[in-house]
Amino acid sequence: MSYNVIVPTTVLPPWLRIGQNWIFARHRRTEVGVVLPANTKFRVRADFAKWGITRPVIVRLLNNNRNTEREINLTNDQWIEMEHEHECVPFVDWPVGEKNTMAEVHFEIDGPHIPLPVYVFNTRPVENFKSEYRQSSSGYCFLYLDLVCILVPPASKNVLLDTDLFELHQFYNEIINYYDDLCGLVEDPYADTVDSNLPNKAAFVKADGGGPGGAYYGAFWTAPASTNLGEYLRVSPTNWMVIHELGHAYDFVFTVNTRLIEIWNNSFCDRIQYTWMNKTKRQQLARIYENQRPQKEAAIQALIDNNVPFDNWDFFEKLSIFAWLYNPQRGLDTLRNINHSYRLHAARNPVTPYPQIWAWLMSCGYDNFWLYFNRIGLYPADFYINEHNKVVHFNLHMRALALGQSVRYPIKYIITDFDLLQKNYDIKQYLESNFDLVIPEELRQTDLVADVRVVCVIDDPSQIIGEPFSLYDGNERVFESTVATDGNMYLVGVGPGVYTLRAPRGKDKRYKLHLAHSPNEPVHPANDHMYLLVTYPYYNQTLTYTRYITSDLAIDAAHLFGTDRLYVATIYFDALQQTVTVYLNNIRTGRENNTTLYFEMEIHNPFIGTSSKFTLLEDNVTMRQGYYKFPAVTFSSIRLHIRDDNRLMLVDKYLPAGDTLLFMFPNQIVDNNIFPDGSILTSTYNRIKEQAAFIENHKQLLYIENELRDSIYLASQFVNSDSNEFLKYFPDYFRDPHTFSYLFRFRGLGDFMLLELQIVPILNLASVRVGNHHNGPHSYFNTTYLSVEVRDTSGGVVFSYSRLGNEPMTHEHHKFEVFKDYTIHLFIQEPGQRLQLIVNKTLDTALPNSQNIYARLTATQLVVGEQSIIISDDNDFVPPPPRVNCGDQQIRVVETLKMIAF
């Protein structure tokens, strides 16, 4: 008898590659519709000419054991004669990776064979199908349940007949839809964006008596290692086997050399149990707790107290860390964002290396998790490789500061006597663990407040006394004051939680700031990033100021990558401090359990003849992430050994495999083959530019005193103390003398504000506020009464606004960027007191008494006067004659993060 099977191809979105197994990409196949008894003879061929398909077509003879199955690769139109010694169900795989085509396979079967009972969800009554299956001599049947297809083996026939197929359909579809949502995948029949899901996908489920372990997720199906389906037919929120194996379809690259195998997918499983279960069931039945939450929390607390490396924790201890990470309101945004970021990386050609996992999570979080990670011994990397294949700084703390992220921390470390059952302070929000992460805003309901003193230790108190400081929970300022005359900060009426302290950083002296507990009260997690933990009961804190003289941007660094180019470590060569510091972010550089030497650094002191070594194997199970610091006196030799090419980058050049010898000189490390004399100036200058670009992308940092601006200032002085190229990014103390704020104020009858144009040239910022005047600026005039026009260096209109005297004005607020040699034309029908210029809050009485006012920006100032003033010495652009009626144009209006100055 003849059978023809026509199957579509599986279209891959741009982030998936042929041969990858994620999200069931190779699970789709179509049944021939028969069960072949053992030793049945048949012929099979594919029709390549008809459809123009170019990839091999695969026919599979499936049953309930991989050892008795067979795969047939069809590569041409020729018939293939087959005889298989085991009972089997033939299927045709959907070819993967081709668009707009089909595959057609012809079967000619000799001898008896059995029709395969097939059920397609919701296309016919379930009982009709079950009756057919019950009466059939076939032990097999095949189910199409939308997002899952199930080949039921003979050993599961009776169970299947007693199973509610609607519940089974809902169970599988709810899991896969939820996992897709956690990844931010979008249904898209064209599959042409980085967020596109796989069209027409479905997981394939079968039994496999020859499979590994208890069950597995594979390239072509997921299966229990049994001749029956077992748990795969049990509908229950506690069915960990099924939700676990389906979760493996979403591992992507997050388990590659991260020691998160069986953890990443479990975090998906835990999330769906979190969704399915009520509060009581969550504590009693969820796999993460199993009615033993206090004991499990105590075990994790012991791991933290004993500084056990996180990489050595067991599966479910690691899983808990992810559960608490995702529990907060916006916690799952972190998961969606990191999956979107993965797809962006994967869609590039060639694919750029993926960031270190903990830094990656930090960069994708809605909140700040650094202190939480640090508490459990996780160290996010400082650097990553961007889309231009360039190593750049994450600036995680600066990013968090710019975005106003709240700092989440376990509640048990904030309210130290908190217990979910015994003393929960009647907190109304849902918490499931004493380790749940909270922010100060969520603890306000406890009514716990106290006065906390921050003791400032500084060599010159005059640098900070009387200077303002403030305390923030995200973007909310919860307290502000000035440093007292005794040099301390007094926080009055502050509630528990982790805040970001915006402390003064000095005046003409710059400092590194280190925040820690008071010596006799060791409860505060010390850090250099101004994360201030206010606990209950309350303790005083110590803020130590250390002179900051040589910029961190003037310190050369090496970047170590693993065999798969995942980030492993940063090596800082600090010539001033005469140290070499290895910041280890990944204890695995290659294959698991492999003890082959991968990297070695040896520092030799030429004066006393001693040496220090730092060694990394492919897998380093006894090591922990963090900092390893070694002395390196001036003229020390430093031998760097790397096993492979293109895996160790020094400054911006990859070192060859083998040994490289460096020397620690007074200002830099030196190797004649790499660094010409004075190269530290060039590399420092390049790092300044990179960090300035970062601030440009996070403009809020221009208004907040921070260490990055200190670093740019000190590095600029090191490179060229006479240059003001980076003045815009200097600390306020050095920038303020060059900061001019110009406010043009249009005034109407009764001195009402009609329109204000404010410009701060050094910050490249402009703001326009329009008042609300229903009768217009001056109802006696039916011609243009006022206008504002800003043009760029090529004459293009950046902003334009005008009103007739009797034309209504409604409230508007615009913010946009302006740069050197931009020009401004203002028109006022009644010159004089109707248009004022206020410079740095002082009225400028020299403004020309003219209807038309012109201005041109320099790097730091605004030159105001007649029309000729807009012609720059180094710019021959002459604008067209002024148009009094400018119209309402708003072209290239740039919205910055926030402009506190306005």
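Glycine residues also receive a Cβ, built from the backbone N, Cα and C atoms like all the rest.
Here is what Swiss-Prot records for this protein:
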- 27-330: domain 'Peptidase M60' (DOMAIN)
- N73: N-linked glycosylation site (CARBOHYD)
- N265: N-linked glycosylation site (CARBOHYD)
- N278: N-linked glycosylation site (CARBOHYD)
- N339: N-linked glycosylation site (CARBOHYD)
- N540: N-linked glycosylation site (CARBOHYD)
- N593: N-linked glycosylation site (CARBOHYD)
- N594: N-linked glycosylation site (CARBOHYD)
- N620: N-linked glycosylation site (CARBOHYD)
- N782: N-linked glycosylation site (CARBOHYD)
- N840: N-linked glycosylation site (CARBOHYD)
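Features as recorded by Swiss-Prot, highlighted on the structure.
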| residue | record | CB count, 10 Å |
| --- | --- | --- |
| N73 | N-linked glycosylation site | 10 |
| N265 | N-linked glycosylation site | 24 |
| N278 | N-linked glycosylation site | 8 |
| N339 | N-linked glycosylation site | 20 |
| N540 | N-linked glycosylation site | 16 |
| N593 | N-linked glycosylation site | 9 |
| N594 | N-linked glycosylation site | 13 |
| N620 | N-linked glycosylation site | 19 |
| N782 | N-linked glycosylation site | 12 |
| N840 | N-linked glycosylation site | 11 |
In Å, rounded, how far does the Cα of N593 (N-linked glycosylation site) sit from the Cα of N278 (N-linked glycosylation site)?
41
Shortest C-alpha distance to N265 (N-linked glycosylation site) - which of the glycosylation sites N73, N278, N339, N594, N620:
N339
May I ask for the distance between N840 (N-linked glycosylation site) and N782 (N-linked glycosylation site), taken between their Cα atoms and rounded to an integer number of Å?
35
For N278 (N-linked glycosylation site), just give me the three-state DSSP call.
coil
Do you know offhand how many angstrom separate N278 (N-linked glycosylation site) and N540 (N-linked glycosylation site) by C-alpha?
40
Minimum Cα separation from N594 (N-linked glycosylation site), reported as the residue among glycosylation sites N73, N540, N620, N782 that achieves it:
N620
Candidates N339, N540, N782 (glycosylation sites) - the one closest to N73 (N-linked glycosylation site) by CA:
N339
What does DSSP assign N339 (N-linked glycosylation site), in three states?
helix
Please identify, among the glycosylation sites N339, N540, N782, the one with the smallest Cα-Cα distance to N620 (N-linked glycosylation site).
N339
Determine, from DSSP, whether N265 (N-linked glycosylation site) sits in helix, strand or coil.
helix
Length of the line joining the Cα atoms of N782 (N-linked glycosylation site) and N540 (N-linked glycosylation site), in Å:
67
Write down the Cα-Cα distance for N339 (N-linked glycosylation site) and N540 (N-linked glycosylation site), rounded and given in Å.
41
So what pLDDT does the domain 'Peptidase M60' (27-330) average out to?
96
DSSP-derived class (H/G/I helix, E/B strand, else coil) of N782 (N-linked glycosylation site):
coil
Provide the three-state secondary structure of N540 (N-linked glycosylation site) computed with DSSP.
coil
